[in-house]
Structures are given as C-alpha cells and as structure tokens.
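Noted in Swiss-Prot for the protein shown:
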type	residues	note
TRANSMEM	27-47	transmembrane segment
TRANSMEM	56-76	transmembrane segment
TRANSMEM	127-147	transmembrane segment
TRANSMEM	159-179	transmembrane segment
TRANSMEM	190-210	transmembrane segment
TRANSMEM	240-260	transmembrane segment
TRANSMEM	264-284	transmembrane segment
TRANSMEM	295-315	transmembrane segment
Amino acid sequence: MTNAVEDSGPRDLLFLLISTSRFNRYMPYYTMMAAVWATFIAGALKLQQDPESLSIEFILYKAGLCFVHCLLLCGAGNTWNDLVDRDIDARVARTKMRPLASGKVTLTEALLWMTGQYFLSVKMLDLILDGRNIWTLMLPLTASIMLYPYLKRPIFSKVFVYPQYILGLAIGYPAITGWASITGSEEPLGDIIKHCIPICLLVFFWCVYFNTAYSHQDSVDDRKMNINSAYVIAGQRIRLFLAFLSVLPLLTIPYIISTINSPWLWVSWMATWTVSIVMQIAQFDSQKLESGGRIHWDNFLLGLWTIVACMVEVGLQKVEFWKNVEGYIKL
C-alpha cells in the first residue's frame, strides 16, 4: 500500500499529490466561500458608513488572500483525510483509485505535502490578519480538520454525530477570518465572531444539506462497510430529509442580508437561492444515486454566484448607489 508506483517522475508525483488535495476538482473551492463572502460583506458595511474608508482594490486583495489561505488549508485537510481513510477508500468503488488508497503515493510523500500546504496556509493567514490572532483562529479549525475523517466510523452514529457536522463547521468558520481581514484592526475578536455567526450558521446548514446529498452517492458501498454519514438518519425518506435540510440555510440568509438591507442582495442572494434549492429538491431522484452529485454541483454554482453578488454590492456601496436612489425617491 505504501510503495509508490515505479518509474513515476516528479511531474507525475506532483499531479498525484495535487489529486490528494483535490485541487484538480471543484470541491475544495467550497471552502473559500464563507471567508470571501464575509470579506465582501464586511467591506460593503464599512463602505456604507464611509465610502472613502476603503478602496475596492484593498477589499479584493484581502478576499484573494482568504481564497488562497482556505484552499491551502483544505488541500492539507484532504490529504490528511486520504491518509486516515486509505484502507477504507481501497474498498469503495468511487475512491479505490485515489493515490494513497492505490499506493501510488507513499505516506512520507503525503505527510510532507500536507505539512507544506498547512504552513503556507498559516503564512497566508498572517498576511490576512497582519499578525493578529493567528493561532486563536487556526487551532480550532486545525482540530476540526484532524477530527473529520474519524467521524465516519460507525461508533459515532450511535450518538448521532456525523462527519457533515464537522465539515459544516470547518467550511463556515473561515467567515471569521474574512471579516477580520477588513475590521480586525478596529474590532475585538469577540465582536467579529458575533457579526459572523449568521454566516457560519448559513454555511453549516448549507454544507450539511449538499454534502448529505453528495454522500448519498456512496450509500450502497457505505452500508456494506457500516460507514457513518448523515443520510443514515433518513433511511428511505432521503428526499424528504434533504427537503428539510434545504430549508435551514434559507432561514438564515435574511439575518445576513438585513445587516446591509440591500435590495440587490435580497434578489441576487435570497431569491436566487430559494428558486434554485426548490428546483434541486424537485429534481432529486433517490433511485438515481448520481442526482445527489447534481445537488452538490448546483450549490457550488450558487456559492460562486453569491461571491459575484457580494462583489457587486461592494461596488454599489462604494459609489453610494443606494443613497442616491433614496435621495432620488425623496425628490
């Protein structure tokens, strides 16, 4: 298992290591969404108070750093997941050809790759926060990433603890980093966390929803090996369960948008998500395992669209669009 495939050159090894991080797939890019959304929302709020307080270039720079930080940390987490799960992955049809499960990458190579990604992500966080509260934010996230693969073990299903919980927390938590990138020099960490609670809750519920749908693709193999996952709760009522889960993120979005109270975000975020998620549930077919993968992809597109929507809101606040509209209406 731990012997690398013979005659694999440096370029082949690099590609295999990138595969352990999932950088060649879209999934890791989910992890930057909470941080980037929070960066833009915090920036828009600050511009709403004083349009000259920040430049758009500064906000984009901080959002870019958050993107790189989250991606590197996710890459390290994915490599760690494959290290821990390599024996399980080798027995699952969808995962048996992963580099560690198939023996194409050694444990030493994977550990070095994981460590390099982790410390680069720490360096990015240092740049984002200007040296403040780095390990205060990094350690809880590190702990959740290390714990995640173990929550797939059947013992946790007995206490109704599922890996989707930790995944949701890990993907939502970087919202604090994003907000702190804008206001970290002005607000104490406790206040920043309070601002980010609605975003963290949204991403937590959202992640539990789309990851439960995605995990349903492996339900046949997972049941054979008694793998723990949230869809176990649903049994044969998986569609109804997903419908319930899909409502939870929709209930949290208004708490985020109301802080800015932007008509643009009510339409581009709240309305768009509502229509999309209703369509996802309507089109889901529990007899076609691949339909869970479709929900996962559709929500990735929703996340990307929300980044665009928040970027537009930053621009609208910078030019005082809503103040001008309000003044025009009063005339």
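We count from 1, first residue shown onward.
Using the three backbone atoms N, Cα and C, a Cβ is placed for every residue, glycine included.
Contact counts against the transmembrane segment (240-260), taken as Cβ pairs under 8 Å, peak for 27-47 among the stretches 27-47, 127-147, 295-315. Among residues of the same chain six or more beyond the transmembrane segment (159-179), those with a C-beta under 8 A of the stretch's C-beta atoms are 30-39, 41-42, 62-63, 66, 69-70, 77, 125, 128-129, 137, 140-141, 144-145, 147-149, 151-152, 189, 192-193, 195-196, 199-208, 211-212, 215, 228-230, 232-233. Contact between the transmembrane segment (295-315) and the transmembrane segment (27-47) is supported: at least 3 Cβ pairs lie under 8 Å, counting only residues 6 or more apart in sequence.
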